[in-house]
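Copied from Swiss-Prot, the annotated features are:
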| type | residues | note |
| --- | --- | --- |
| TRANSMEM | 26-46 | transmembrane segment |
| TRANSMEM | 73-93 | transmembrane segment |
| TRANSMEM | 94-114 | transmembrane segment |
| TRANSMEM | 132-152 | transmembrane segment |
| TRANSMEM | 168-188 | transmembrane segment |
| TRANSMEM | 199-219 | transmembrane segment |
| TRANSMEM | 239-259 | transmembrane segment |
| TRANSMEM | 263-283 | transmembrane segment |
| TRANSMEM | 288-308 | transmembrane segment |
| TRANSMEM | 338-358 | transmembrane segment |
Amino acid sequence: MLVWLASFLEQYFSSFHVISYLTVRAVLSLLTALLLSLWIGPKMILRLQIFKFGQEVRNDGPESHFQKRGTPTMGGIMILATITASSLLWGDLSNPYIWCSLFVLLGYGAIGFVDDYRKIKYKNTDGLIARWKYFWLSVVAFIAVFTMYMIGKDTDATRLVVPFFKDIMPQLGLFYIVLAYFVIVGTSNAVNLTDGLDGLAIMPTVFVAGAFAIIAWATGNVEISKYLYIPYVSYTSELVIFCTAIVGAGLGFLWFNTYPAQVFMGDVGSLALGGALGVIAVLVRQEFLLVIMGGVFVMETVSVILQVGSYKLRKKRIFRMAPIHHHYELKGWPEPRVIIRFWIISLMLVLLGLVTLKLR
């Protein structure tokens, strides 16, 4: 929005030209989301307490979690509001990929809101009925993916990029829609599963979003993409603004979500942030890189799949409890230790993912 205003004012005041620089807008997007979060946070927490939007806790979970019952949840509303505001302020609103990303973010946020509200209303951890939850997640994903496909079909925007191999970039055609759907829905649920401890999900999200800001810039730059042997995809450079907004909003939320948490993001936040990471990965053609950089999310999801599969087939559990962060809690690890170690793993995987851009 401010890009258009600055462009108009530039003819009268040349100093407004600085707003056209992507790097300047990226930093301002991050700071805007961060400062808005710090300003909104206390007010949001107070409102959630007034409305009695408190967290429900599983009765079969770790005993240390019982004290979390009643902690304000649905703080993800703050995350979505600040990401959206910052993206609209500093992004180029003529860019279709900004709108696709916001559509998934807000669409998944709405689904998460209903899920959270039902948990609070009925005072259990069930939430939205699973089949309806996945139905609406799928509807939002397919609308976004079909739009993205129509924008980029028959171009490098629908090629598959394989890490470590510079010459393997097959054209996906219609399979792009299938792959993109599973990436978006899968990542959304993976982040949702990870959001079980104070700050556990938000910091890896910040790391991955920050890395994707760099990748989006490279993918949208003709010379840099050619140098790195990745496909040049027009429109993606503007996703830097969206990514840095996620970083700023995430850090602002962490201020209140760090152990012991004053507020939880709830499904309204985790489903939306996961969907946002998924759609960014698809748009910059780095689905495989998301698996590497989002390794903590993958690990949490795989632990649940293995636990459920093992119990159904052998009537035995592999872990004391899944997702795997609960396994370590039940082994006696203090919650902050689990969180910080998972953050360290996440940071290492993100750095590894960035290195693979050059190792081809």
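Just so you know, glycine gets a Cβ as well, placed from its N, Cα and C.
Since the structure is predicted, the reported quantities are computational estimates derived from the model, not experimental observations.
Between the transmembrane segment (239-259) and the transmembrane segment (26-46), the number of CB pairs under 8 angstroms, six or more residues apart, is three or more, so the stretches are in contact. Listed as Cβ neighbours of the transmembrane segment (168-188) (distance under 8 Å, sequence separation of 6 or more from its ends, same chain) are residues 104, 108, 134, 137-138, 141-142, 144-146, 148-149, 153-154, 156, 158-162, 231, 270-272, 274-275, 277-279, 281-282, 287, 290, 294, 297, 301. Away from its own ends, the transmembrane segment (263-283) comes close to residues 41, 44-45, 48, 55, 68, 71-77, 79-80, 83, 97, 100-101, 104-109, 111-113, 115-116, 127, 137, 140-141, 144-145, 148, 157, 179-180, 183-192, 194-195, 201-202, 205, 208-209, 212, 216, 233, 235-236, 239, 242-243, 246, 250, 253, 256-257, 289-290, 294, 297 of its chain (Cβ-Cβ under 8 Å, at least six residues beyond either end). Taking residue pairs at least 6 apart in sequence, the transmembrane segment (199-219) and the transmembrane segment (338-358) share three or more C-beta contacts under 8 angstroms.
Outside the transmembrane segment (199-219) by six or more residues, the chain places 22, 26, 191, 225, 228, 230-233, 236-240, 243-244, 246-247, 250-251, 253-254, 257-259, 261, 265, 270, 273, 276-277, 280-281, 283-286, 289-290, 293-294, 296-297, 325, 338-339, 342-343, 346-347, 350, 353-354, 357 with a CB less than 8 A from a CB of the stretch.
Counting only same-chain residues 6+ beyond the ends of the transmembrane segment (73-93), those with a CB under 8 A from a CB of the stretch are 1-4, 25-26, 28-30, 32-33, 36-37, 40-41, 44-45, 48, 53-55, 99, 101-102, 105-106, 109, 112-113, 116-117, 120, 238, 241-242, 245-246, 248-250, 252-253, 256-257, 263-270, 272-273, 276.
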